[in-house]
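Undergrad: Dropping a structure here in structure tokens format, bear with me for questions.
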Amino acid sequence: MKITHITTYRLPPRWMFLKIETDEGVVGWGEPVIEGRARTVEAAVHEFADYLIGKDPARINDLWQVMYRAGFYRGGPIMMSAIAGIDQALWDIKGKVLNAPVWQLMGGLVRDKIKAYSWVGGDRPADVIDGIEKLRGIGFDTFKLNGCEEMGVIDNSRAVDAAVNTVAQIREAFGSEIEFGLDFHGRVSAPMAKVLIKELEPYRPLFIEEPVLAEQEEYYPRLAAQTHIPIAAGERMFSRFEFKRVLDAGGLAILQPDLSHAGGITECYKIAGMAEAYDVALAPHCPLGPIALAACLHIDFVSRNAVFQEQSMGIHYNKGAELLDFVKNKEDFSMDGGFFKPLTKPGLGVDIDEARVIELSKSAPDWRNPLWRHADGSVAEW
């Protein structure tokens, strides 16, 4: 079997799919994207095509190494996201050829189900109580929300109180009947992160995500030393080599590699194993589409340290398409009591509605994340 063609489709709301075709008619799908940089990743995918056309898709490890090492300059969000989507599609092909789901090819299940959590609120958290109430009605009991709006390097008590009050209202409304994580999105400086973590401790959030930017990773162990709240990060780390540094340094309780950013299934399975060796939990990042989610689920079901799975149903970014709008076998992604079950169809287990993909790709938006500014006019972290 040989790879014959690679096609990319930019899609609403902010996704990109790719299709790898073979000379035997077997097709694999992947989801390579950096949110807000889809065109750039698309260009990288087609550059990698030169290494892939005419090659055997079954040699996933070798093709991964070629894409990663054949270029003197490597790594980073664009290259690793392109590799990620290609890698997903190669695993999809292998599973279809062998008539087995990807988790079966990776040694089989370590669990029967995995808890999912749902987003509530928006970029600036609002209507959180109502959002939680609605989602509880369809089985969710675990949630994530943005922990604050933009925050200055040294900000005032009002900004701190606004963040804390949202969390206090959640606990007052629901007590211990639900759990929630707080995503600070790297919006907070290290000095303000120390203040916020101290103030939030009594409300026992499930985790605090990206309290500082990934490039300030030296603060993770310092912040962890002052709190009992688990600290999570990883969506802006792109290979096992970046995760190696934070695991060695300590501080993170939960790793959140993104299966569409960090080299795909091949790389993230290695990252999951590294995390387990350090007694660190795994919770793959996935505010993206169905192929990315499927890839995450296969990793979850073969990784003992996986604890819960993000998914984008109803997330505030989903304008123009919802999580399963491009999927024919929607029933396979249904949740029972807030849990996903293993996908059982061969490959990734996603039956893509290709006609709908082609149609909506003709008018795909060029999504960009908001540009925020502080009151003084300086650029704020989004």
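The backbone N, Cα and C atoms fix where each Cβ goes, glycine too.
As annotated in Swiss-Prot:
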BINDING   Asp183, Glu209, Glu235  Mg(2+) binding site
ACT_SITE  His185  active site, proton donor
SITE      Asp258  site 'Increases basicity of active site His'
ACT_SITE  His285  active site, proton acceptor
SITE      Glu310  site 'Transition state stabilizer'
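A description of the local structural setting of each listed feature is requested, covering burial, neighbours and distances.
TA: In the three-state DSSP classification, Asp183 (Mg(2+) binding site) falls within a strand. Residue environment of Asp183 (Mg(2+) binding site) contains 25 other Cβ atoms, counted within 10 Å of its Cβ in all protein chains.
For Asp258 (site 'Increases basicity of active site His'), applying a Cβ distance below 8 Å and a minimum sequence separation of six or more within one chain yields Ala84, Gly234, Glu235, Pro284, His285, Cys286, Leu288, Ala292.
In three-state terms derived from DSSP, Glu310 (site 'Transition state stabilizer') belongs to an extended strand segment.
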Undergrad: For Glu235 (Mg(2+) binding site), what is the secondary structure state per DSSP, taken as helix, strand or coil?
TA: coil
Undergrad: Quick one: Cα separation, Glu310 (site 'Transition state stabilizer') versus Asp183 (Mg(2+) binding site), in Å?
TA: 12
Undergrad: What's the CA-CA gap between His185 (active site, proton donor) and Glu209 (Mg(2+) binding site) in angstrom, rounded?
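TA: So the alpha carbons of His185 (active site, proton donor) and Glu209 (Mg(2+) binding site) sit roughly 7 Å from each other.
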